[in-house]
Ligand SMILES: Cc1cc2nc3c(=O)[nH]c(=O)nc-3n(C[C@H](O)[C@H](O)[C@H](O)COP(=O)(O)O)c2cc1C
Ligand SMILES: C=C(O[C@@H]1CC(C(=O)O)=C[C@@H](OP(=O)(O)O)[C@H]1O)C(=O)O
């Protein structure tokens, strides 16, 4: 079973990741990981920080001559924000010594982890909460999960995501999204992300991309922020990953958990999702056919899942990201020291991180699916698992 841990503060010296349970013999390089790190940094609506961070994960252990050894893989990444010549962060984030004149942050931002994190850990300063709740952590998540993504690729399983709604701009219903994404998915879901990456808002539709960009411009000027909805497609799956027999073995539920555990994610839908509740059964269930020696579904409105198991059709899963909590135009908040009403204080922030978040969500679902493969076809080395996969799938 693949597990990963991340450590590190947003403005500390760097981020650390440990990925445990990766079988021996998987080819992995820093260059492979970096391509997804670079993708995560790109997107219209990003804030100033992404202009100078150059995310790169150093492989510290577990890999020899570009192949995994079955041992834990340790990754490390520097925060350029900390290292810059004019940086105050070594002083603010010092691991020892006296606090000196480092100010307390006392104005919690509604929608961020600030107030509850402070209440929970009994801090008098919001800084420690900001540092760990920040989506800076997603840089290391992407690095760790890219290894699982590479594992899946060895089985022909590909993941690709795209933006389908940004604020009020988006596709006109399920069929119009399918028209844009499904022809690409026929060549594997990576075709979806490669096409979406051509757009700086990660939308497959040129006209919508333009409107989304304009919407970000407007909302930035207004001093507010935006979220939206994305769709992730996974292709090349065998039928029967996950299980119907117990709640925590249902793969669709596990994927939802991975997505909602990502900063700012507020919901998940699978296939038609919430729209399935607005129509009748004949518009929802996918008829079964037998074609080219295997069972298939005539349509894929249930997004590749029945009974918590993959049907063998592509997984289609969507998530919603709320608008960014840090905004130029203030909201009201209460100072944690004086308890007086105040305007929130603005610090550098993304206006819309949705295009970047697509890469994070593509990544966080990879270990979940990789573990379903390991559960069914498991082994200690890639050759052993691939052998079983070929014989048994
Ligand atoms: C890729 C990405 C970038 C983000 N950038 C910012 C940001 O610049 N400013 C901000 O206030 N929140 C940003 N967020 C959202 C916060 O991290 C998130 O709202 C916060 O951690 C609270 O957690 P919750 O929204 O899951 O409740 C970002 C989220 C993601 C996924
Ligand atoms: C650093 C990243 O995202 C950060 C996520 C984030 C937040 O509050 O979640 C706040 C911002 O941090 P800063 O104030 O240092 O600019 C973003 O830049 C990143 O994605 O690598």
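Every residue, even glycine, has its Cβ placed from backbone N, Cα and C.
Take the FMN site that TrEMBL assigns to 132, 133, 134, 263, 264, 307, 322, 323, 324, 325, 326: the candidate from 122, 149, 297, 348 listed for it is 348. The sparsest Cβ neighbourhood within 10 Å, among the listed binding-site residues (264, 324), is found at 264. Summary for the binding-site residues 134, 326: the Cβ-based neighbour count within 10 Å is maximal at 326. The binding-site residues listed here are 40, 46; among them, 40 has the most other Cβ atoms within 10 Å of its own Cβ. For ligand 1, the nearby binding-site residues are 264, 324, 326; that is, of 40, 46, 132, 264, 324, 326, these have a C-beta under 6 Å from one of its atoms.
Within the set of binding-site residues 46, 132, 134, 322, 324, 134 have a CB atom less than 6 Å from some atom of ligand 2.
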